[in-house]
């Protein structure tokens with residue numbers, strides 16, 4: 001294996017979403033990539049050659065976040081529809097859904113043990129949930145504006161969050177208290193995450209910067225301003241030595257954190273880059289953005305360097321309190337600006353290989369453990385863009401006809417017909433029921449608001465009546481005093 005770093009290369013591109021790509025995450029087994037989009041669908045891309053991709057439908061608004069459970073058997077998605085869904089990333093397409101917030105849910109993230117979820121929302125709160133029962137555990141409520149992102153530390157003892165109040169906050173999951181606040185932004189803090197060792201957190205901002213803080217000393221140790229527009233996302237390499245970032249300037253940057261410098265600028269997207277993520281082994285990373293395409297890159301980093309680190313990290317037992325692993329250098333909090341020595345890569349699009357065939361699946365299993373979290377909305381079928389009758393893009397009817405013709409061959413190996421076919425429920429009825437449930441939810445919220453207003457009105461009326469009684473009593477006392485002072489008539 002080569003000991004000299006090679007340039008990153010574009011391995012594959014995936015097309016199947018019909019709108020902006022907003023989020024992405026690799027399965028820990030390194031065999032799947034999940035992406036969420038403004039087209040309200042979740043896509044599971046199987047990375048094996050010629051493998052089919054799955055499109056999951058169920059959310060009723062933009063998908064904002066996606067994260068695989070450590071086991072790889074579940075994938076969570078968050079949405080502007082105020083819900084979180086837990087999907088089985090297979091042809092079965094089953095999902096459970098619960099209402100998580102009273103406004104858009106911006107991000108979702110599993111703890112390392114897979115037992116908890118943390119969500120961030122435009123309702124200014126961060127919430128933690130039990131995964132098994134979809135049960136609300138506790139809320140963190142110190143942000144004063146929309147919360148854009150929340151992440152567990154590698155050991156699960158801390159949560160980092162950031163938002164439009166221009167702060168990055170650190171929370172203790174035991175005491176549920178905010179233990180530190182980092183405020184050094186000229187705009188919204190857009191993304192936050194821990195490095196693999198848990199010693200540092202990084203945050204990106206609308207002010208074009210990426211900042212790395214040592215949470216043991218509470219000091220800013222690195223400050224990068226290498227983009228020409230706001231930084232929307234970033235991802236730490238598993239070794240902790242590198243960081244990739246995506247920006248509204250349409251570029252992806254790769255930073256060498258040990259040397260504290262920009263080493264690569266990658267071009268490939270047309271429009272803002274909204275999501276980047278490394279695979280768990282660090283060999284691949286994916287990017288997505290406003291051009292509705294997903295690009296998968298091979299890192300080609302010096303494997304001899306970081307594989308040794310990964311093996312040491314995986315063997316470590318940590319009885320000592322975190323953070324416990326390598327520090328990030330340099331310690332000085334100087335700025336890093338674009339350098340002339342960096343390499344710019346303009347990959348050539350692969351026009352020979354076809355995009356994977358997309359199978360539409362989606363079956364909702366509602367959470368019944370907590371009625372307050374029920375957001376009844378059954379999945380509806382999304383149609384492919386019409387007019388594309390050849391190549392990897394097919395209409396829903398054409399895909400269904402082809403699937404019927406090759407059913408035995410295609411569903412060999414344990415795969416079965418789609419859930420809609422098994423249930424026999426017409427899509428029109430499903431859509432109607434979904435609309436009814438949404439309207440009922442709106443009516444419930446409206447009634448709750450009216451009840452609150454009625455209660456306030458009653459309280460104010462009661463106060464007015466009490467004040468009126470007091471005034472009458474005072475007037476009566478004044479009248480008696482006047483009569484007594486005047487004395488009896490002559």
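In case you wondered, yes, glycine gets a Cβ from its N, Cα and C as well.
Keep in mind it's a predicted model, so treat the numbers as computed, not measured.
Within the set 398-430, 431-463, the record from Swiss-Prot flags 431-463 under the feature coiled coil.
It is 375-427, from the ranges 322-374, 375-427, that Swiss-Prot records as region 'Disordered'. Most Cβ pairs under 8 Å to the repeat 'WD 7' (268-307), among the stretches 16-55, 58-97, 100-139, 142-181, belong to 16-55. If you take every residue in the repeat 'WD 6' (226-265) and average the pLDDT, you get 96.
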